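Written out below as structure tokens is the structure these notes cover.
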């Protein structure tokens with residue numbers, strides 16, 4: 001399943017295609033959304049927001065399309081008039097004069113008013129998004145030490161969207177490797193330096209992944225570009241200590257770590 005950085009890049013692609021352009025055609029598959037089709041013609045998308053793995057497509061008439069891709073949903077951008085050859089089931093079409101965005105296969109789709117945005121069950125449950133530029137390490141540290149989270153093992157906590165939205169399995173293992181901790185550690189047991197390092201890594205690594213993952217290091221950025229240090233690298237030597245990276249299962253998900261320097 002895509003994690004926060006991949007969801008944010010998808011949102012960027014949608015914004016680049018249709019943001020600010022009048023909608024010339026709107027179509028929804030679900031009957032409960034049909035009445036919104038005519039209300040959105042002539043309106044435009046103001047911005048696309050991510051809340052963890054959910055997308056909020058905001059329109060100029062203050063309505064917001066909530067969509068969660070879950071396992072199978074996918075957005076595509078096409079030239080207007082193009083009909084992709086696919087076996088997926090179309091759920092949403094938002095068309096402008098030159099570009100159209102299409103949502104396939106998702107089942108969790110709703111239209112929300114500003115009031116409903118503040119009471120939506122999923123949006124109420126999720127924590128701050130790690131890619132929110134206004135989220136600071138100080139706020140993350142406060143959440144780590146809060147009564148709700150301080151006694152939780154990181155193996156489960158870093159997958160819990162109520163703690164921080166947008167984290168997932170590859171980010172979980174890369175963050176813990178970066179700070180030299182295991183999945184069994186808890187925030188209440190860390191010293192001040194460890195807490196500070198973890199709070200920064202919880203933001204820095206997702207943001208680096210969002211900004212640079214998939215780019216080729218052609219200009220020799222000396223490690224600044226995101227790349228996996230332990231994820232899917234079991235059996236390989238750890239670049240930090242030379243120990244052998246191992247794979248186990250924690251919180252029902254594959255977990256990669258180096259016993260030599262994560263303890």
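Here, residue 1 is simply the first one shown, and the rest follow in order.
Just so you know, glycine gets a Cβ as well, placed from its N, Cα and C.
Given the ranges 194-228, 229-263, the record in Swiss-Prot names 229-263 as zinc finger. Taking every pair among 70, 125, 169, the residues listed as contacting DNA, the largest Cα to Cα separation comes to 19 Å. Among the active-site residues 3, 53, 253, the ones whose Cα sits within 10 Å of the Cα of residue 169 (DNA binding site) are 3, 253. Listed by sequence, the residues of this chain that lie at least six past the ends of the zinc finger (229-263) yet keep a Cβ under 8 A from its Cβ atoms are 155-156, 159, 169-170, 172-174, 176-178, 180-183. The two recorded residues, residue 70 (DNA binding site) and residue 3 (active site, proton donor), have Cα atoms 11 Å apart.
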